[in-house]
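The compositional bias 'Basic and acidic residues' annotation in Swiss-Prot covers 840-854, 883-894, 917-941. Taken from Swiss-Prot, the feature disulfide bond applies to 406-413, 508-546, 519-531, 551-562, 620-644, 650-663, 718-738, 777-797, 813-833, 836-856, 910-930, 946-1167 (among others), supported by similarity to another entry. Per Swiss-Prot, the feature domain 'VWFC' maps to 316-373. According to Swiss-Prot, the feature domain 'TSP type-1 1' maps to 379-429, an assignment based on sequence analysis. Residues or ranges marked as domain 'TSP type-1 3' by Swiss-Prot on the basis of sequence analysis: 492-547. What Swiss-Prot records for 763-785 is repeat 'TSP type-3 3'. Feature annotation from Swiss-Prot assigns repeat 'TSP type-3 4' to 786-821.
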């Protein structure tokens, strides 16, 4: 039995030893990360705690930044092991805080530029993420349903072999994951020199939160052995090979050469050869000797254990100062220390003494505590007297007492222990409660005056009886008063004020003047005395001698005041207004010259006429309104300057627009000066407006407009579906947009391969769903029907796509007309279509869709107008439209002479058209050279949407750039845009990923309007438009959601879209992709992606089959933004003024996100730079 037991123990030890994971030591098969980073260090960012494995330390991560990295030499060994076995096994036990995201291991660059490789437990998404940096770009591979952040202990086994990864959580096998590159290409030979291995440390918010134990890299074993050692059953740990073969003789981290049982090969069934069996017999003979020796050793240990047990059975003893005591014995060491034996332990303690009540206590010899002794004094033994008690009564006579105590054991204590004395605090009050009562009234007093009106008074007292002991006071008045009257008092008279002196009787030589007064202040009454003194008073006046009058000869200028003096001299006053001089002689003042802006200056002419005297202004020029001042003198001319303002019929009420139309002022140089435009919900020519249900600019019924003015007065051929182009191929009065069979070939449009060509046979040779009758390449598959040169021959079959007479195979710009074939940078792409014409870039890559190739795109744009500094014709002045009418390389925004005719812009009457003679035949301030067409683009100003930009004259989205905002997404298609109405109407037909259709016209200040219509009941997502577009990462967007909804994919961020209209500014650090996609869906701010400027607080979503009309105003110079959305005739939503200066202008376009059948109709944009 003993032999069998010993052999079993040895075999068990042998088996466990062969399967045990070796500790890190001299070999490189196991790398314990905590051991390598110095687990025993203090203040190392971790704290030792208990884990599920009692034989290994576990650490709570407190500050991962303080945990040192793995030493470079050990990290190099680890890298060499990974490269040798083309993979690794990573083991770890962890207890991660709930719903947190934390990094288990990370290989970070020493220059802090980022991570090369990391293993992250993403508790928010329930995944284990492997992050790899490949060619400077981060790739993330996730193992789904890896629920590790639960607050419970979890054990993971991660096996990575080349480009495959397999995860086990506890004993449960997760799904395989595939890496973008083999792991050995990440763990390069020089990795340890440029990077370091960190535990628990990730990005800014990705440090691990929780407890870690046994974090190890293991090599030279298999996942089966690892799982078996963990106690996992074979059924749960069956390993499926990852289809990796041994390369160049290296062994993989997990052996993949397992072969299943065979039933006919005996040796294969046994698994051991005969030679191996012979070897095992020899080993077992040697083991027999070892087992015998082991039996002897165990027998000896058993005997020693018995002797030790006998010793333990003896009763316990105590030893103190060499003396032996049994349990329970007590003894005294000295007079103050007592000891006792208790379970082999000696316990000693000091004797505690009581407090003595006497003052003469002493300690007798041989004792530890003091004692009191008898005394001969009678007072000895008494304590001091206590304080007297309170008096026994509060009034009258009472008593007080005090006491003392006696130590009768040690003293005689003669005398009393209590003393008593009398006390008297105050006399007791013998009164009783009594209410007060009035006495009788006193007689009335005599009158207070001897004459006139006075008063008499009487009084009474509250003393019959007086109130006491809180009795009630008397009620009523203690004093009464009433009037008394005597004879009236006499009033003495008083003088009133003197009157003014009257006129002197003569003007010179001495005369008399007098004044008077009345006795009425007051008049004497009731026997009063009259006033004392005279009623009148006289005095002498004008005593001076009479002079000689020098002004009698009229020496001054007509109208000038003359002043004479007694000596016969005289003096003239100032000249009249409009004259200058000394008063004797006065000359006319030229007010037009003295005040050069007294009248309106027009075309360099001061419209002022001088008269004698005075001046007058000429009437305001044609198309101006204002006053016509006239008068005399410089002061009058300065204070009353003529102001002539351009006439505006829209504000002065002289227009003839319909009451349901808006008057748009075009400027006083235009003829006419205004244009009438029907308001949303109405259509017509502006003079006459009728109802327009679908808001496409065409009335529901025919309107009786003036002769030859039928534009937008004709009845809408699809009154309930926007179709601003009114296309009607078969001329049946039903527009193509709502006609089920446009070509009347009895084939419905949704199944007709030529909906606008009669072809009942539906022949389609090239199977591109475009019938041969309408296919511009009937023998070449081209469903897009692209035709760059518009010659009727599709690009797919054209030998010269762009029509420049150069065959495609020799054309360096196949889609752009360029006869010269100039190619400055010799990259095979002609300058006309090269997005970096001066730098070699044959791939033409443009990651941010700003039409500048990545090779030359530096994104440095100091004025934020969408044009980088080295390509901006005004790098320091925002001018998104880059207008340069004289083509001198300097944009109009920073050019003081836009037409280069030598006349500065501020004085040029044709700023954009050269006219050095400045001829202006009608004198209206607009030169003849640009009369009625300011930019000379052959479009009259009244019809020109941008009269000051020769490059833009009408709204046109026929050419647009399609921008995918989630180019890697495969859950939906890219948008499909259908162009109608010469680019003024676009329809997006499919449920798609987020995308834009951006026109090529660029704008500074702009107004943008259009009709929005969803022609389906399917889906409820986003549609809208963009403005200020500069790249796929930088633009403004107005987007509208029908219902509140969370985006289905919560990676990389959770996105909640609320119903209602939103205005957002996109400034993405990542550009198109899943980050921007989720940020656009989310109603709110997403750091580094999107900021919401405004969201409709009423959360009104769009309705199916309902027409809406939007109007956008954007003024980049001030940052002003306003969006108004109409439903029919009424405003449904209004953002009000929003101010944001992120972008100084850009391009316009349309936006969709997961919404099909979106109609954008009757699109209009207008420049607002003036």
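Heads up, the Cβ atoms here are built off N, Cα and C, so glycines get one too.
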Task: Cα separation, residue 644 (disulfide bond) to residue 551 (disulfide bond) (Å, whole number) - done: 47
TODO: Counting other Cβ atoms within 10 Å, pick out the least crowded of the disulfide-bonded residues 508, 531, 546, 718.
DONE: 546
Task: Long-range neighbours of the repeat 'TSP type-3 4' (786-821), counting only residues six or more past its ends (CB under 8 A) - done: 775-777, 779-780, 828-834
Task: Rounded Cα separation (Å) that holds between residue 531 (disulfide bond) and residue 797 (disulfide bond) - done: 132
- [ ] By CA-CA distance, flag whichever of 644, 738, 910 among the disulfide-bonded residues is nearest to residue 406 (disulfide bond).
- [x] 644
Open item on the list: At a 10 Å cut-off from the C-beta of residue 797 (disulfide bond), count the other C-beta atoms across all protein chains.
Closed with: 16
Open item on the list: Between 620, 650, 836, which of the disulfide-bonded residues has its C-beta surrounded by the fewest other C-beta atoms within 10 Å?
Closed with: 650
Open item on the list: If I take the alpha carbons of residue 930 (disulfide bond) and residue 797 (disulfide bond), what is the distance between them in whole Å?
Closed with: 45
Open item on the list: Measuring Cα to Cα, how many Å separate residue 910 (disulfide bond) from residue 946 (disulfide bond)?
Closed with: 16
TODO: Could you tell me how many residues in the domain 'TSP type-1 1' (379-429) are helical, how many are strand and how many are coil under DSSP?
DONE: 0 helix, 16 strand, 35 coil
Task: Taken over the repeat 'TSP type-3 3' (763-785), the model's mean pLDDT - done: 94
TODO: Would you mind ranking the disulfide-bonded residues 551, 813 by how many other Cβ atoms sit within 10 Å of each Cβ and giving me the lowest?
DONE: 551
